[in-house]
Structures are given as C-alpha cells and as structure tokens.
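This report refers to the structure that appears directly beneath it.
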Amino acid sequence: MPTINQLVRKPRQSKIKKSDSPALNKGFNSKKKKFTDLNSPQKRGVCTRVGTMTPRKPNSALRKYARVRLSNNIEINAYIPGIGHNLQEHSVVLVRGGRVRDLPGVRYHIVRGALDTSGVDGRRQGRSLYGTKKPKN
C-alpha cells in the first residue's frame, strides 16, 4: 500500500488496452506510403494462400485457413469457419476480428456469405454466422 507522498510523486497509471486484432486498426495511404490510424470492424482482403493447419496439443484436426493480404497491405492468417468452402488464391474476402484458440497465429475470421465467400450449404441453425440463406420449405 503506497503512502500519499508516494502517490503524489508518482500517481497510479491506468492499464494500456492492447488490441486483439491490430491489423484492423490501421489504414494505408498509398500516395504517401504511410500507415494511418483507422479503426474498422472488418476489412477486405485477397487470399494469397489457402491451406490447412493442425491445432494445438489436446485437439486433433485439419483446420482450414487462408493467408490474406488486406486492403492496407498487411498480411494475416484468417480462419475459414464452417464445413466446406469455395476459397482459392485471388478470392476477395471480408475479414473480421476474433481469434481461434487452438491455432497459433490466427487472430481473424473470414466472414461467410460476403464478397467471393459462399455460405455453408445445408445449414439450418445458426445461419447468420455462416452466411446461409433461409430455406424455402
């Protein structure tokens, strides 16, 4: 417990909040070739590589991911949610924040049903997360 004198000399410092998705908080001025502070909920990007990755220790699977170059020229790894996808190199995707806990280095999700990404076929529940239209029946 500090004394009043200690607090007068050096007051308490508030914690600095670090962003969970730093690539979404930058814009790029291509004319000046400089980064600017520009917070966005999502960003557009182009897939440079689509592949699979194995998760961390207790889990076992082949998780689908894409390497994406965002509109601010930052390259990130983004998870492709849902069963099956139509992404390939040069596909244009929409990326949102949100990490995948068992994949190291994956801090972003691809939004299904937006731009070149199709929704998940045959999905009945939780459709909005997977970009699936309401079935006709």
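Just so you know, glycine gets a Cβ as well, placed from its N, Cα and C.
Feature annotation from Swiss-Prot assigns region 'Disordered' to 1-57 (among others).
Residues or ranges marked as 3-methylthioaspartic acid by Swiss-Prot: Asp102. Counting only residues at least six positions away in the same chain, the Cβ atoms of Pro55, Arg56, Asn59, Arg63 sit under 8 Å from the Cβ of Asp102 (3-methylthioaspartic acid). Secondary structure at Asp102 (3-methylthioaspartic acid), taken from DSSP and collapsed to helix, strand or coil, is coil.
If you look up Swiss-Prot, you'll see 118-137 (among others) marked as region 'Disordered'.
Summarised by DSSP class, the composition of the region 'Disordered' (118-137) is 3 helix, 0 strand, 17 coil.
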